[in-house]
């Protein structure tokens, strides 16, 4: 459970980069990290156009500054979130506490699902604003490829983050099926509150006293005086 359900290696084990890069959830984090760079990078670099008449820049998405701001904010925050959970993947094999591992996996499920939702909202928002954009606002078609790239990779990010949530949920299910996942689990050999069973000697024959072979201290032969000697007649 420690190695399979909650990451590479055993609890408290050394970091293994080869095992880390082969984990599906780590691969999806790296892909999501790259997608977030494409989204906010495209908007920051080419998402704002110059207005020759007013001398000010405006958002390429239907002149709606909220569309560009949302795309940049979600992209930057997703970039930072990916770095945070990549660091958690590196540190995870060294977490010896089952309770802390459970919290890490549960947070992975919630955060990944939340970001999948944010990317879905962002994709719908940017696509809608791009669809209603007026051609006269950008007669030279400047930055159109960057605008489409931001929309496209926002769409792809929905599935990469949803995939991370699904993989984290699978890890949680694997851990939940194991007794070691329970916070109440205690190794019986370490439980000092468990009463000891009475010592029972193995029985090699019928027990005439009916005591089942339970150990009893033999009577002391010196405690009783002899009751007298009776001679036998021959």
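Glycine is no exception: its Cβ is also placed from the backbone N, Cα and C atoms.
Just so you know, TrEMBL annotations never went through curation; they're auto-generated.
Copied over from TrEMBL:
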- 20-173: domain 'MARVEL' (DOMAIN)
- 192-234: region 'Disordered' (REGION)
- 30-49: transmembrane segment (TRANSMEM)
- 69-88: transmembrane segment (TRANSMEM)
- 109-130: transmembrane segment (TRANSMEM)
- 150-169: transmembrane segment (TRANSMEM)
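Most Cβ pairs under 8 Å with the transmembrane segment (109-130) belong to 150-169, among the candidate stretches 30-49, 69-88, 150-169. Nonlocal intrachain contacts for the transmembrane segment (150-169), taken as residues 6+ away from its ends with a CB within less than 8 angstroms of a stretch CB, comprise 24-25, 28-29, 31-32, 35-36, 38-39, 42-43, 47, 71, 74, 78, 105, 108-109, 112-113, 115-116, 119-120, 122-123, 126-127, 130.
For the domain 'MARVEL' (20-173), the mean pLDDT of the prediction comes to 91.
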